[in-house]
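Take this structure, written in structure tokens, and hold onto it; I'll ask about it next.
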Protein chains: 2
Amino acid sequence: MEKLRVDLGERSYDIKIGEDILANLGQYLSELEIGKKVLIISNPLVDSLYGAEVEKAISEAGFEVEKALIPDGEKYKSLDTAKDLYDEAVAAGLDRTSSIVALGGGVVGDIAGFIAASFMRGINFIQVPTTVLAQVDSSVGGKVAVNHPQGKNLIGDFYQPQLVVADKKVLHTLEERELKAGLAEVIKYGFIWDEEFFSFLKDKREEVMNLDTQAVIKAIKTSCAIKAEVVEEDETEQGLRAILNYGHTIGHALEAVTNYDCYRHGEAVAIGMVAAARIAHKLDMLTVKEVKEHEELISDFGLPIRFEGVDHDQIINALTKDKKVEDGVIRFILAEKIGKVKILSDIPEAIIREVLAEIGGE
Amino acid sequence: MEKLRVDLGERSYDIKIGEDILANLGQYLSELEIGKKVLIISNPLVDSLYGAEVEKAISEAGFEVEKALIPDGEKYKSLDTAKDLYDEAVAAGLDRTSSIVALGGGVVGDIAGFIAASFMRGINFIQVPTTVLAQVDSSVGGKVAVNHPQGKNLIGDFYQPQLVVADKKVLHTLEERELKAGLAEVIKYGFIWDEEFFSFLKDKREEVMNLDTQAVIKAIKTSCAIKAEVVEEDETEQGLRAILNYGHTIGHALEAVTNYDCYRHGEAVAIGMVAAARIAHKLDMLTVKEVKEHEELISDFGLPIRFEGVDHDQIINALTKDKKVEDGVIRFILAEKIGKVKILSDIPEAIIREVLAEIGGE
């Protein structure tokens with residue numbers, strides 16, 4: 001088992017990464033200073049695969065375990081579902097020393113974290129992410145939220161977990177499309193922070209995609225380490241943390257315009273990273289070769305680098321409604337080279353439209 | 001205008017206290033680093049009294065002001081009202097640099113603060129409390145929340161405002177009962193922290209109750225200073241902060257058992273402080289004289305020191321359901337002398353019942 005520490009003062013915590021470590025959850029929880037009551041929040045599919053194992057591990061360590069399931073899907077990451085979960089938390093008799101364990105992907109982690117952050121003004125929170133995306137991104141760094149009909153993650157908090165347990169084993173039950181989409185965020189870390197990691201992914205593409213234990217654990221650990229480093233420097237997104245949104249500006253707009261039912265998040269981010277690379281090229285920040293390296297790596301991982309059938313005006317429109325817009329200014333994260341990005345505002349709309357025309361021919 | 005600083009590192013803020021200072025709100029807001037958009041949250045009554053003045057002051061300083069009103073009353077401090085307010089925040093086009101101004105009493109401040117804490121993971125929050133209770137207690141210290149049908153403030157956060165503006169002027173439009181109830185929390189600060197303040201309140205009772213400017217501003221400022229000192233030491237209620245709940249253990253139980261429609265919060269706390277004093281006496285912590293000093297001061301401020309018609313079993317039952325219960329242990333805040341309290345667990349039920357029999361003859 002590999003261990004990473006996220007260093008946030010009083011809010012520091014460990015990320016444990018390994019193969020077949022769910023069975024140790026009871027022991028891990030015993031090492032935390034938490035009360036006896038634990039509420040697991042999961043969804044029916046994940047619960048059918050790993051619920052029993054997790055529940056057994058935790059209860060055998062002497063905890064009183066209750067479970068609440070929420071329907072699968074982004075549209076259930078809502079205030080209405082949160083309301084049901086507060087009821088479950090009350091029914092389970094949780095108190096301030098109790099804990100919520102999120103067993104699932106990003107939706108489960110985000111909403112369970114929002115409940116943990118707000119129930120009794122904050123109780124213990126443990127993340128057991130079961131997708132690549134959740135293991136390398138959403139479970140680390142403390143962003144928790146539910147959606148508002150007018151925007152994703154509009155209602156949320158920064159709330160750090162006490163522990164993250166990423167078991168590589170669970171990735172074997174992911175659908176291939178889900179797996180690939182999650183790897184978009186892994187690739188992102190290479191582009192924004194670590195050229196060496198970019199090269200590793202290029203070299204070990206096959207091992208990673210075939211879920212070779214060593215390669216996958218290295219990919220997860222490196223991703224988490226980069227995210228931790230960024231979050232340590234800027235926990236509440238005052239500046240640096242925004243670089244984690246590389247590819248997300250266009251990506252989010254693409255998801256919003258297609259009502260979140262066409263692209264997986266990672267697929268939209270993949271296209272968004274290509275768009276960002278091309279914008280950077282037009283601003284003389286990236287060479288043609290570096291743009292090509294973006295597209296090749298993304299494409300090699302089975303992810304899209306083009307889109308079609310989406311109105312460009314709608315994308316431009318969605319950009320201005322993004323949560324990350326501040327006093328009317330749209331921010332882009334653009335690369336100066338592979339492994340280094342910066343945050344820019346005031347990208348001319350004409351350049352954005354040129355790039356949309358290049359990669360999203362209508 | 002008097003100024004108090006609440007020192008919480010990055011989350012520090014000023015409390016401005018004075019007579020007729022609402023008109024300066026625009027200037028105060030201009031001194032903060034905040035965006036142009038401001039959403040005022042208030043209720044119809046307060047809005048009819050002070051809404052126009054506040055809106056004018058803020059918009060004349062160059063801010064774009066929108067307003068959202070919520071119905072008056074504790075039962076509207078709910079997740080349903082919060083949902084409406086998120087819609088209003090979206091409709092107002094708030095972004096991460098925007099601000100929410102809470103103009104009202106505890107209900108408005110608590111729910112507006114919860115919205116500010118969670119909208120886009122936290123936007124700027126300014127408290128303009130319009131009751132004694134809100135000026136000396138709920139607007140300071142960052143406790144924000146909505147109620148759950150099963151318990152008050154079950155859903156919330158610790159979220160500090162950027163500024164608190166307490167204008168003594170607004171207290172003149174309070175109902176007398178509301179005014180007195182608020183003073184219960186003022187008296188509380190004398191009991192828990194400051195014997196001199198206790199003496200001041202004893203001597204200047206008439207001036208305070210007649211809203212003499214100098215006496216009231218001193219009472220508000222001293223109360224806020226004590227609360228700030230406690231919160232600075234223990235922002236998230238890990239220990240010391242619990243002393244602010246003096247009188248609240250029995251007080252909350254009394255409110256809950258009577259469905260929150262019999263006692264004002266301050267009235268229940270007044271009775272709760274008498275109960276706490278009597279429990280402390282039975283544990284040889286307070287003398288008979290000190291118990292009498294409790295009862296006299298509370299009673300002199302026109303607040304109840306006895307209750308009737310409430311089943312004691314139900315009170316005992318409600319005590320064990322309080323949010324402050326941890327792993328089954330009920331905590332009491334008890335005084336060792338006037339001006340000094342400590343936190344105790346495991347008070348024998350028999351003693352609690354004896355005291356209930358003394359002050360709440362059925």
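Note that Cβ sites are derived from N, Cα and C of the backbone, with glycine treated the same way.
Model, not experiment: these values are computed from the prediction.
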Going by the Zn(2+) site in TrEMBL, where B:Glu185, B:His265 are listed, which of the candidates B:His248, B:His281, B:His294 is also part of it?
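Within the candidate list, TrEMBL flags B:His248.
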Please work out the mean pLDDT for the residues of the domain '3-dehydroquinate synthase C-terminal' (B:182-325).
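Mean pLDDT, the domain '3-dehydroquinate synthase C-terminal' (B:182-325): 95.
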Going by DSSP, is B:Lys152 (NAD(+) binding site) part of a helix, a strand, or coil?
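It is in a strand.
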Nearest to B:Asp110 (NAD(+) binding site) by Cα distance: which of the binding-site residues B:Glu185, B:His248, B:His265 is it?
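Of all the candidates listed, B:His265 is nearest in space.
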Taking only the Cα atoms, work out how far B:Lys152 (NAD(+) binding site) lies from B:His265 (Zn(2+) binding site), in Å, as a whole number.
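Answer for this pair: 12 Å between alpha carbons.
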An 8 Å radius from the center of the B:Glu185, B:His248, B:His265 Cβ atoms defines the neighbourhood of the Zn(2+) site; name the other residues of that chain inside it, in order.
B:Leu133, B:Asp137, B:Ala184, B:Lys188, B:Gly247, B:Gly251, B:Gly266, B:Ala268, B:Val269, B:Gly272
Please name which of the binding-site residues listed here, B:Glu185, B:His248, B:His265, is nearest in space to B:Asp72 (NAD(+) binding site), Cα against Cα.
B:His265
For the domain '3-dehydroquinate synthase N-terminal' (B:69-180), jot down how many residues DSSP puts in helix, in strand and in coil.
47 helix, 34 strand, 31 coil
